[in-house]
Ligand SMILES: Nc1ncnc2c1ncn2[C@@H]1O[C@H](COP(=O)(O)OP(=O)(O)OP(=O)(O)O)[C@@H](O)[C@H]1O
Ligand SMILES: [Mg+2]
């Protein structure tokens, strides 16, 4: 999360994200892909019949390109390269579609070049190894999505390889499943634009719980803006750092905030209004001074209380989904999933139920190109007519629900915990 | 779930010894609460004739019964037998059980009052809903949520009872420290927190959940699925036992309208007069609850009980005297039963996430309060949306049932615009001084109706205030559904 820094557009050099190298992910309990129905559309790589897909992501403030390779001999997926750039907006601002789109347009070509160079060092025509190009169709912000889609379309025409349209949420889930080998987890998807509890049932990823208003990441970001925390590397990260001032000998104050769980759904907008109002109170100490009296509270207190409250809400709806579906493994994906406190709380809840929490990993928590390639690879290998699209069907969809996609690569479990 | 519970009968902190050491039986282990069926020894109650007016679509007799006898009687008794009461908000007091021994004394004293004889067998068996503490959340937040949800549940249940909405009677409330075992387990040197578990003592509703009913109705081949009744959260498994639409549509219920099965081997929910009637009655019941200003917050088919499953009627001619799981045997279950005059008797449970709309409709009458009215409609619409989603996600192809349910909901409101209801409910209002703000608001509204629409009370019923309110809520539901789809957008 803190790893990629924003370089000004002027100083673009080929570079890759500084995330740790991605290990090879064996298939384990995931099914072995069948020979594709799309053999006429794509040719596996000449060397050992590998399938290699380039993925392009740019639905929010991150633009990333990943190269993913499937090796049929070892049945493994391997990320060959996965560089990424993040648009960081100034303090007090969110990232606006127009500027974000410009950012992505400036970085996409160097990123593609960097990804290919890293994946195929010293090759003159690295594109000849690619079987297809996967890109994010949605959901996300229109401008940034379109900027990346244009790049994907151009390359597809230039290199004469098929295009695969990928749902961003599905990409998170699939990368998470491959990376953690959790075959059928309950997924908590928490990011700047999405808050969903998802479980697979009968050919689709179904949304069991979600936010009724704003996304959890959005709530955190907006609060960070109100109290003037930096957007670098991300507002949520800075809130987490503030909240970590809490310790046994110097506990932060827990300020009670509205806790809104409705069925399996959550709501954050009332809480956000409430906490914004708190910052206008006289008892609120903005600067890092000590509390003078009992009823005062600091920015750190609010950060801590905000995290404790909204994460408890998320854990609660996740647990309700687990109970409902009889599932006992949990996977957290999306940017907010990097938060350690959320991870710890989830681990505690899951342990109580005798289940397992999949380890957190940048490969699927933070938006990146490889995860788009991963979902795209599945779509290609299992011949999803929905995903392997013609050029004219590649118009981006800002609203593209997780449950709209038919998940052809997973077995139909008829009626299972529908 | 059963997987998770295989080693221990429960998870989370150990329950209070009072609940386990007796012959308490764990009915359901939920995510935040455990439901125990607990026999409570009672002195023989005085015999009395009971007026059993359990018609959920029209429980007015119920209301008066509760109003005139039960509330005052039980709480007075509680006072006189020196059981303290706990204020659960909204001016509502509930017997506060400090020690387990008090419970039976208290129950004995209330069972002597004629009112609690609504359900003929005296409550020797009761339900304990035990909310336990969650380790993952901040202790302050945890304690607040545990206590407040239990108190809130009691409050909402009593509000419902007052409004004649069928739900279990509230027998008492307790906040007990978690049993000693948890403390022994924890001597690892880490900071020791004393956790509380809050217990709500409730009337036991016999029957099964609507979910079990619907799942049972769609399974003919293995009706034993209902034997899993004890494990409510077997929510995970029963679907596999569901049976296919094309078999199930053979039910001999009058003018059933089965959905033509495009894919004959998909599991579907049976749509016939019986299930439609259940759906409509659910709609009416939810309408009644909303009209009383109560938002349930967790409407699902597992949180609605069916007190008289049709198979029980069949076996002993009229009353459902034993749990469906016990009476059912393979053949009865799906052969249907001349059920022409069978009317579902429903009860709402699980008010842990309930709230009441704070604004008064009387204020809205001054048309100065459109905002609050909007807010009310929003909350009710979200409540309906949660129910709709629960139907569609747990009961495949139940769209028709949801439609019927919403029809019943609208009809209930429209029926309030007739004049007969007004008199009765108005009388309630006069009788009960401690009626809560939320409950009284609608009652006040109804009284207003007499004056406002008194000139033409029945000519255009759908144009009445309540019909209008229902329309507003259902329009709002449309918006909530749309927003559900929009949510994917950045915002
Ligand atoms: N008063 C009652 N009479 C009979 N059965 C009851 C009663 N209350 C609850 N139950 C049974 O226990 C189950 C769970 O109850 P309830 O919904 O109140 O608890 P919960 O902890 O919220 O459960 P969950 O989290 O699974 O929804 C119900 O589905 C029902 O089968
Ligand atoms: Mg429940």
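The backbone N, Cα and C atoms fix where each Cβ goes, glycine too.
On a predicted model such as this, the values are computed, not experimentally measured, just so you know.
Annotated in TrEMBL:
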{"type": "DOMAIN", "residues": "A:82-373", "note": "domain 'Gcp-like'"}
{"type": "BINDING", "residues": "A:168, A:172, A:189, A:367", "note": "divalent metal cation binding site"}
{"type": "BINDING", "residues": "A:189, A:190, A:191, A:192, A:193, A:221, A:236, A:240, A:339", "note": "substrate binding site"}
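Structure with TrEMBL features highlighted.
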residue: A:168; record: divalent metal cation binding site; Cβ contacts under 8 Å, 6 or more apart: A:57, A:59, A:136, A:137, A:138, A:139, A:140, A:367, A:372, A:400
residue: A:172; record: divalent metal cation binding site; Cβ contacts under 8 Å, 6 or more apart: A:187, A:189, A:333, A:334, A:364, A:365, A:371
residue: A:191; record: substrate binding site; Cβ contacts under 8 Å, 6 or more apart: A:60, A:215, A:216, A:217, A:334, A:335, A:336, A:337, A:367
residue: A:193; record: substrate binding site; Cβ contacts under 8 Å, 6 or more apart: A:59, A:60, A:139, A:140, A:215, A:217, A:218
residue: A:236; record: substrate binding site; Cβ contacts under 8 Å, 6 or more apart: A:217, A:220, A:221, A:224, A:335, A:336, A:338, A:339
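Secondary structure from DSSP puts residue A:191 (substrate binding site) in coil. Those binding-site residues from the list A:172, A:189, A:191, A:193, A:236, A:339 that have a Cβ under 8 Å from chain B Cβ atoms: A:193. When other Cβ atoms within 10 Å of the Cβ of residue A:189 (divalent metal cation binding site) are tallied across all protein chains shown, the result is 27. Within 10 Å of the C-beta atom of residue A:339 (substrate binding site) sit 26 other C-beta atoms, taking all shown protein chains into account. Apart from A:168, A:172, A:189, A:367, the divalent metal cation site neighbourhood in this chain, defined by C-beta within 8 angstroms of the site C-beta centre, holds A:59, A:169, A:171, A:173, A:191, A:194, A:333, A:334, A:364, A:371. Our reading of the substrate binding annotation (A:189, A:190, A:191, A:192, A:193, A:221, A:236, A:240, A:339) yields a largest Cα to Cα distance of 18 angstrom. A coil conformation is recorded for residue A:339 (substrate binding site) in the three-state DSSP classification, outside any helix or strand.
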